[in-house]
Ligand SMILES: *[C@@H]1O[C@H](CO)[C@@H](O)[C@H](O)[C@H]1NC(C)=O
Ligand SMILES: *[C@@H]1O[C@H](CO)[C@@H](O)[C@H](O)[C@H]1NC(C)=O
C-alpha cells in the first residue's frame with residue numbers, strides 16, 4: 001500500500017431537529033467564484049495550479065453562524081470540478097455537500113450554485129476540490145465561521161485573527177500525478193510544505209496582545225507538526241468543538257484537520273519562527289514563516305524549534321488531551337435530543353477494515369473486502385429519484401468479511417435517529433485519515449491493535465470531541481472507534497485517482513430538494 005493513502009469517510013447527515021436549508025431570518029451572502037488554471041512558481045519552478053478568482057489558495061470564506069451562503073461556482077477548467085465544504089454539516093441539505101455521492105461534478109464551462117447555511121456552527125474549517133487530483137493543484141481555501149455577537153464564546157475576543165493553510169505540496173502536474181496513480185504507482189513523496197501557498201509568509205502582531213491562529217492542513221497526504229518559536233499555543237477549538245483550553249508547544253495537524261489556537265505575544269520584541277514540518281516521514285520537510293512583533297528589533301534567529309522526537313504514540317497521547325468543553329456552546333444536542341452520547345446505546349456497529357490488493361491487475365483499496373466504484377448517478381440522487389440498479393445494500397458486510405476484495409457500489413443501510421458505532425480497523429502500515437463529509441462523530445476511542453468488543457471499556461463516553469475528521473488511525477494495527485448518528489454515510493478510500501472504495505450508509509428518507517444532474 002502506498003505511502004500516501006487518504007481514507008476519506010464522506011459522511012452526509014440530514015439532522016432531524018434543524019430547520020430547512022435556507023432560513024429566511026438569517027442574512028444571505030452571495031459569491032461568484034470562477035475556477036481557472038494559472039501558472040505559479042511555488043517551489044521555484046513554474047507549474048499549473050488551480051485558481052479561484054485568480055487566487056491561490058482560493059479566497060477565504062468568512063461567514064457568521066447561521067449565514068446563508070449562495071455561491072455560484074463557474075468551472076473554466078477542462079475537467080469536471082466539485083468543491084466540498086469540509087466540516088459544514090449540511091443539515092437536511094446533503095445535496096450541497098459537493099462529493100460524488102451527492103453531487104454531479106460541474107462540467108467544464110458550466111456553473112452550479114451552492115446554497116447552504118452555516119447552521120449553529122462556530123469554528124475554523126476549510127473547503128477543497130473533492131474529485132480527481134484537483135486538490136494537488138489548489139482550489140482549496142479557508143472557511144471560517146465566526147460566532148454571532150449574541151452567542152458567548154469561551155475566550156476573550158482576540159486582538160487579531162490569522163488564517164494559516166498548511167500542507168504538503170508537489171511540483172508534479174495534477175493530471176500527470178493522476179496518470180501515475182492510475183498506472184499503479186504510489187503517490188510520490190511531497191516536494192515541499194507550504195504556508196498559505198507560499199514558502200515565506202509573515203504574520204505581524206503587537207507585543208502583549210493575543211492573536212487567533214486558524215490552522216488547516218490542506219495537503220494531500222502528510223500530517224504536519226506546527227509550532228511557534230518561544231510561544232505557547234492555547235488550543236480553543238478543534239473541528240468546530242470548543243475544547244478544554246490546554247497550552248501546547250507543538251500540535252500535530254492531520255490532513256483535512258483544522259484547529260484554532262490563541263497565541264499571546266509575551267516574549268521580547270523580535271521575530272520568531274512559525275514552523276510546519278512533516279510528521280511520520282523518513283525525510284522531514286519543513287516550512288517556516290515569521291511571527292513579527294510590530295516593535296521587533298531583531299530578525300528570526302536561533303535554531304528552528306524541533307518537532308517532538310516521539311512519533312505515533314506521542315501523537316495519539318496528544319489527541320487524547322483534546323476534550324470537549326461541555327459547558328461551552330460547542331456541546332450541541334444530537335438528533336437523539338442529547339449531547340450525552342455515552343448514555344445512548346448504539347443501534348448498530350460497523351467495523352470497517354481497510355485493505356489494499358490487486359483487483360483485475362490494478363491496485364485498489366477496499367473496505368471489508370469491497371472496493372467501491374462510483375455509479376453513474378450519485379447515490380443520494382439515485383435513491384431519491386428511485387433510479388434502480390445504481391447500488392445494492394447487500395454488497396458489503398458490517399464487519400470484515402475475510403474474503404478476497406471485489407468491486408461494487410456498496411451501501412450500508414441504516415435508519416433515521418440510529419446511533420451508529422463505527423470502528424475503523426487499520427491493518428495497513430500507513431496512516432489512514434478519514435474524513436466525515438457533511439457530519440461528524442464523537443471520537444470515542446483509539447488505540448493500538450485489533451478492536452474487540454472489550455475495547456469499549458476504554459471509550460471516552462463523556463467529553464470526546466465531535467469531529468468530521470479522524471486523523472489518528474495511525475500505523476500498524478491501530479484502530480478507531482467513533483459514535484455517530486448518521487442518516488447517510490459514504491466512506492471512500494481514495495488514493496486520489498488510483499482506486500476508489502466507498503461504503504455508503506443510506507438515508508431512510510430525504511428532506512430537502514435535490515438538484516438532478
Ligand atoms: C450558469 O449556467 C446557466 C445555465 O445552466 C446559464 O444560464 C447562466 O448564464 C450561467 N451563469 C454564469 C454566471 O455563467
Ligand atoms: C469551558 O467553557 C466555559 C464557558 O464558556 C468557560 O467559562 C470555561 O473556562 C471553559 N473551560 C475550560 C477548561 O476551558
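Each position is counted from 1, following the chain as shown.
Placed from the backbone N, Cα and C atoms, the Cβ positions cover glycine too.
What TrEMBL annotates here:
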DOMAIN    35-146  domain 'Plastocyanin-like'
DOMAIN    161-296  domain 'Plastocyanin-like'
DOMAIN    376-468  domain 'Plastocyanin-like'
SIGNAL    1-24  signal peptide
*asked:* Need one number: mean pLDDT over the domain 'Plastocyanin-like' (161-296).
replied: 94
*asked:* With helix taken as DSSP H, G or I, strand as E or B and everything else coil, how many residues of the domain 'Plastocyanin-like' (161-296) land in each class?
replied: 9 helix, 69 strand, 58 coil
_Just to be sure I understand, if DSSP states are collapsed into helix, strand and coil, how many residues of the domain 'Plastocyanin-like' (35-146) fall in each?_
6 helix, 55 strand, 51 coil
*In the domain 'Plastocyanin-like' (376-468), how many residues does DSSP put in helix, strand and coil?*
12 helix, 29 strand, 52 coil
